[in-house]
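Novice: I'd like to ask you about the structure that follows.
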């Protein structure tokens, strides 16, 4: 029987395979049988060979090998290898051929590259040996593991490059601030490569660090933020347990001390001085003060108040939340003449106290504030804020109704003059004496028209008119019983024809413009002449009303359609006022229930059976007939109209108005009286174009008046005739009167009178009168003219 063996050498260690005997039955599950058929050299028998089972151990290899040659891993060998080169060794698995190389002839395995345990800590490989000629495995494939041994090639690394932390100031020693953490990529299970120790490189003596946990703690007591607020601490993490040769890493921790209220406010000075004019209105700021507090935020919030002083009622202080300043303001109106200097004790107090530091208190401070009042020229001041004056409405003009008083509040006490603002008294009913402020009446008052008057009185300094003030004066007009009562309204009263005696037909009431203090009370009665009225009576209801009653049965419209009933109304105020009102009572037809049907007396003349609709129809017919008659008359009148034609033969009397005053009969240049008798003058008159006359009136033929009368009387007579003439035209016209007057120096030139002479007259003398009579001389100057 033949025996096979395989040896693998790793770092000088030889591992031998255990040979197994040939048997028919295999009991180890790791063993596999294979039948091999062949002939022996002696007798040619068939042989059966059993493969060996390989048991591989775990092998170790150092990482990061830096030697000049490749790192030797081990050797693969089988006892079938005779050294003749017939066997070939093959390596497969993790990194085979790249990281791990095997010599296929000798079975030597080497690491071709540096290995990094942090990248891969173990490799699983498989080895086998095959016959080069037949290609058959002479040994079954076996698996083995190569584990990389760790070396300290990674420094510790913190989880953050920089840490930020904060801690309240004044914290005790050992107060935890923050924990820093570092990690090492080396194998923590192999040696001390991953064992980290923390230490502080910068930040002492203020802080310390726990070497194992990395917790940073305070190392000094009572660290003050006001002294130093920011700290930078450098922490180191070192592996190999902190021993020499270990790798290390660092990080920076920025630590901030947060504020606590451990400082009280303090005024930088003990006394403050301010001034204020006495005219400063309430709320006026005078100045600011501030108590310094080195704390910040709400720990520095300060509240200001006035704790004492003689000016605590006159001044106030408020806190500016943005600047933490105290603003001193005026609380009440100041008066220089009353007090010139005030003193205040101002207190500044922290609003948010920390019980842990109360022993450092008290957390408040005080300062003295002095305020001086400055004098200014003030306007006059009235003794009251307003005045109310009551006056009777019957007060006489010029009567004094009240007084207003004002004075100069300054030390100089300037004189004052008074006046009424006329914008508030446009009717100038009131006036005031400028020297003493006495108000008096300038016009009568009427409460019923204006019960209240609101005026404004102005007081002005005489030496400085710019300084003035005004005050409202309310004037109430008191009522005087100066109006008589009268009916409340107009009453439309009627009585039925079939009324019975004692029947109420109307209730009347009264009103009065006066307003007596006790209220209105009216009395009603008939006038003395009708104290016993045969038809009606009046009953006073004692409630400012009265009832009108009938005194007999039945009334007749045909006999009396309307009754007038005078009633006297009295009031009860002093002096008693009364008035008489007349009540008109109509007699009407009523139905059986007393409802009025008709009150017109003409209704009695209509047929008894004529209805209201019939009456309306008759009235419409009459109206239509009247319209037709008017239209017919208008058409007929239109037909008679003729156009306005002005003919030369239409000679009518016209009036010509001359606004010239003549110089007498000797003055022939100023006025030509010949126009009065010249019919041609009518041609120069112009008819009115705005009114067209209906007809062209005939020229009136009046008998000539040859009496020896004056021209003025003649014209007046003719004017009177035209005014009284019913046929005179309704438009302006020119009337010509054939009258020339008496005693002309040229004697009569009328051709009408020439008919009374016995022979021809000689007119040659007309040529001697000049160019004005040339026309007459040509007309009457020769025989040819006479014949013509």
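Every residue gets a Cβ built from N, Cα and C, even glycine.
In case it's useful when we look at the structure, here is the feature table from TrEMBL:
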| type | residues | note |
| --- | --- | --- |
| DOMAIN | 78-158 | domain 'Cadherin' |
| DOMAIN | 159-267 | domain 'Cadherin' |
| DOMAIN | 268-382 | domain 'Cadherin' |
| DOMAIN | 383-487 | domain 'Cadherin' |
| DOMAIN | 487-604 | domain 'Cadherin' |
| SIGNAL | 1-23 | signal peptide |
| TRANSMEM | 604-635 | transmembrane segment |
Novice: Counting by DSSP, what is the helix, strand and coil composition of the domain 'Cadherin' (487-604)?
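Specialist: With helix first, then strand, then coil, the domain 'Cadherin' (487-604) has 7 helix, 53 strand, 58 coil.
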Novice: Compute the average pLDDT of the predicted model within the domain 'Cadherin' (383-487).
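Specialist: The average pLDDT of the model in the domain 'Cadherin' (383-487) works out to 92.
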Novice: Please spell out the DSSP helix, strand and coil residue counts for the domain 'Cadherin' (78-158).
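Specialist: Split into helix, strand and coil, the domain 'Cadherin' (78-158) gives 0 helix, 41 strand, 40 coil.
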Novice: With DSSP, how much of the domain 'Cadherin' (268-382) is helix, how much strand and how much coil, in residues?
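Specialist: Breakdown, helix to coil: 10 helix, 56 strand, 49 coil.
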